[in-house]
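To start, the structure itself, in structure tokens.
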Amino acid sequence: MILKKLFNLNEYGYKNIVDDQLKISGLAFDSRLVRPGYLFFAIPGINTDGHLYIEDAIKRGAAVIVYSDPEISFPPHREQTWIRVVDVRKTMAQISAQFYDHPSREMRLFGVTGTNGKTSTCFFLRNILEDDGHACGLMTTPKNIIGPDVYEAINTTEESLQIQACLKSMLNKGIRQAVLEVSSHGLALGRVDGLFFDAAVITNLVAEHLEFHKSFEHYFSSKKKLIEMVEQNTKKSYPRFVIVNGDDENCRKIITESHLPTFTFGLRPENDVFAEDIEYFVDRTEMKIKTPKGNESVQLSLPGQHAVYNALAATAMAIFSGIEGEKVAQGLEHTHRVPGRWEVVNAGQDFMVIVDFAHNWHGLDSTLSFIKKMVRGKVITVFGCGGERDRNKRPMMGETVARWSDICIITSDNPRHEDPRQTAEDAMQGVSKCKKEVPVESCIILDRREAISQAFSLAQAGDVVFLAGKGPERYQVYHDRIICHNDYDVALELLKERNSS
Ligand SMILES: CC(=O)N[C@H]1[C@@H](OP(=O)(O)OP(=O)(O)OC[C@H]2O[C@@H](n3ccc(=O)[nH]c3=O)[C@H](O)[C@@H]2O)O[C@H](CO)[C@@H](O)[C@@H]1O[C@H](C)C(=O)N[C@@H](C)C(=O)N[C@H](CCC(=O)O)C(=O)O
Ligand SMILES: Nc1ncnc2c1ncn2[C@@H]1O[C@H](COP(=O)(O)OP(=O)(O)OP(=O)(O)O)[C@@H](O)[C@H]1O
Ligand SMILES: N[C@H](CCC[C@H](N)C(=O)O)C(=O)O
Ligand SMILES: [Mg+2]
């Protein structure tokens with residue numbers, strides 16, 4: 001695409017336009033991905049500043065530099081085009097949408113946000129939409145799926161440029177609908193700016209990521225931005241509506257504020273979509289789903305009340321999009337697993353091992369309270385708290401784990417630049433607060449593999465070992481290194497070793 005079509009060049013501060021007919025061969029916000037003829041966005045980040053990599057981008061062939069630092073008033077390289085903007089990330093969202101020709105205008109776009117259950121709801125919803133007969137793209141924490149191609153992503157919600165590129169390749173493959181998981185960072189940092197969302201759901205809302213948002217109000221208003229984006233969507237090719245969890249006090253506040261048809265889901269019969277006659281099992285759930293468009297009996301392969309909520313959230317999105325109840329039930333039943341969420345590890349041992357992505361008190365409370373109710377044996381939980389994440393979260397996680405577990409083993413979960421011992425001790429404070437006398441077996445074992453091994457050596461027939469927090473992650477991030485670690489693989493290996501010894 002030529003430069004003049006991407007920018008209204010009269011609008012900007014400093015600019016050195018070499019040729020407004022210049023053909024831009026691609027866009028990048030990371031200098032390491034720049035190729036000849038690219039436009040490079042220099043983003044001031046949290047760890048470093050993209051302005052420091054302009055030289056690198058130029059060496060790799062960048063033809064245009066979009067930057068914001070006013071200190072660079074006379075860019076040294078006159079042979080490149082330089083454009084100074086107020087906010088590079090915001091500009092990147094606009095320009096990327098333009099570069100890829102606004103793929104979301106040609107698609108039906110479903111946005112899923114909330115504190116917990118986003119990824120699971122996305123998987124349910126995508127399966128329903130596909131079972132209704134139309135291919136559906138997916139962008140979530142563990143995976144981005146474009147037809148037969150599956151990619152791992154670094155972030156739940158990627159940068160605007162990556163999202164637009166991904167939607168464009170969906171469209172090129174004839175995929176005209178997509179489910180996008182939208183994180184609070186994605187909303188606050190404008191990663192989703194420029195997208196046309198047709199419908200949105202908020203799964204639930206409790207305080208999270210306060211290391212970034214600083215206050216619940218900021219977190220809440222970031223989440224609400226997704227609803228505002230549906231309201232502001234001028235495309236109007238599909239009915240626009242909003243779905244919220246009617247059992248969640250914070251979500252309910254949105255109902256009165258929304259200018260669009262807003263429907264609720266939940267367990268209470270006052271909700272537009274709700275569940276009845278729920279029968280919980282340790283490996284599945286049976287229930288009747290009631291909707292204004294009819295009722296369906298459903299058997300979910302995923303256990304627990306939180307799975308019911310996620311299935312109801314997806315059902316509400318699908319039903320109000322016009323999908324028949326029968327197809328909804330089929331899609332829910334076809335969702336056999338969500339990667340790293342409630343994955344059972346079985347090597348023939350006489351206790352149960354579950355790998356799960358619960359990484360805040362709310363997720364731990366939902367999963368562990370269910371386990372405690374369902375099993376007669378001891379509950380042994382191995383968990384850690386992420387480094388460089390809200391420190392106040394840690395004792396709350398510790399307290400919740402201790403409330404429902406007989407033995408708590410605190411370990412590391414991506415220490416990042418923090419001291420893992422200190423992080424673990426923060427969590428231990430919560431354990432001690434809950435249990436006046438911390439059981440002797442509860443302890444800190446910083447090496448995660450060793451912690452899992454210790455849990456297995458304490459487990460007896462009928463117990464449950466719950467490995468929380470890393471789900472499908474394949475790494476452990478330390479200040480100076482990233483090591484390979486996957487809870488499922490490690491657990492399976494250790495269980496097999498036990499079998500052969
Ligand atoms: C705190 C945060 O949000 N960080 C994100 C942010 O990084 P940053 O601002 O720190 O970027 P930076 O490292 O300072 O670099 C600044 C710029 O220099 C560029 N650079 C850097 C090095 C180089 O050689 N050349 C170069 O051009 C970088 O590409 C970047 O554009 O921008 C990066 C690029 O998009 C993200 O990958 C990164 O996410 C990190 C991995 C992260 O941990 N993010 C978490 C907090 C996050 O965003 N989580 C949410 C929610 C998760 C959930 O609960 O589901 C998510 O959506 O994933
Ligand atoms: N509706 C829910 N309510 C409470 N906890 C839930 C709910 N759904 C899932 N969980 C818990 O949260 C964990 C993460 O679930 P999921 O990945 O679906 O959420 P997410 O919102 O996508 O998380 P993230 O913010 O990390 O992307 C699950 O493994 C489970 O422990
Ligand atoms: N994506 C979320 C969850 C990560 C969970 C846990 N494994 C951690 O690293 O804190 C985050 O970055 O906060
Ligand atoms: Mg997720």
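In case you wondered, yes, glycine gets a Cβ from its N, Cα and C as well.
Predicted automatically and left uncurated, TrEMBL annotations should be read as such.
What TrEMBL lists as ATP binding site is G114, T115, N116, G117, K118, T119, S120. The number of other Cβ atoms within 10 Å of the Cβ belonging to T119 (ATP binding site), over all protein chains shown, comes to 25.
Positions annotated as meso-2,6-diaminopimelate binding site by TrEMBL: R389, D413, N414, P415, R416, G469, E473. N414 (meso-2,6-diaminopimelate binding site) falls within neither a helix nor a strand when secondary structure is assigned with DSSP, and so counts as coil. In the shown protein chains, 23 other C-beta atoms lie within 10 A of the C-beta of N414 (meso-2,6-diaminopimelate binding site).
Helix, strand and coil counts from DSSP across the domain 'Mur ligase N-terminal catalytic' (23-100) read 25 helix, 18 strand, 35 coil. Here TrEMBL flags 23-100 as domain 'Mur ligase N-terminal catalytic'.
What TrEMBL records for 112-318 is domain 'Mur ligase central'.
Among the features that TrEMBL reports, domain 'Mur ligase C-terminal' is placed at 340-471.
The feature N6-carboxylysine is assigned by TrEMBL to K223. Secondary structure from DSSP puts K223 (N6-carboxylysine) in a helix. Sequence-distant neighbours of K223 (N6-carboxylysine): residues of the same chain at least 6 apart with a C-beta under 8 Å from its C-beta are T113, G114, S184, L187, I202, L205.
Marked as motif 'Meso-diaminopimelate recognition motif' by TrEMBL: 413-416. Residues of the same chain lying 6 or more positions beyond the ends of the motif 'Meso-diaminopimelate recognition motif' (413-416) and with a Cβ under 8 Å from any Cβ of it are 359, 383-388, 423, 448, 469-470, 473, 475-479.
Looking only at the binding-site residues N414, P415, R416, G469, the one with its C-alpha closest to K118 (ATP binding site) is G469. With respect to their backbone Cα atoms, T115 (ATP binding site) and N414 (meso-2,6-diaminopimelate binding site) stand 20 Å from each other. Here the C-alpha separation of R389 (meso-2,6-diaminopimelate binding site) and S120 (ATP binding site) works out to 22 Å. Under DSSP, G114 (ATP binding site) is assigned to coil, being neither helix nor strand in the three-state scheme. In this structure, the binding-site residues under consideration are R389, R416, and the one with the smallest number of other Cβ atoms within 10 Å of its Cβ is R416.
Around the Cβ of P415 (meso-2,6-diaminopimelate binding site), 22 further Cβ atoms fall within 10 Å across all displayed protein chains. Closeness to ligand 2 is met by S120, these being the binding-site residues among S120, R416, G469, E473 whose Cβ falls under 6 Å from the molecule. For the pair formed by S120 (ATP binding site) and G469 (meso-2,6-diaminopimelate binding site), distance between Cα atoms is given as 15 Å, rounded to the nearest Å.
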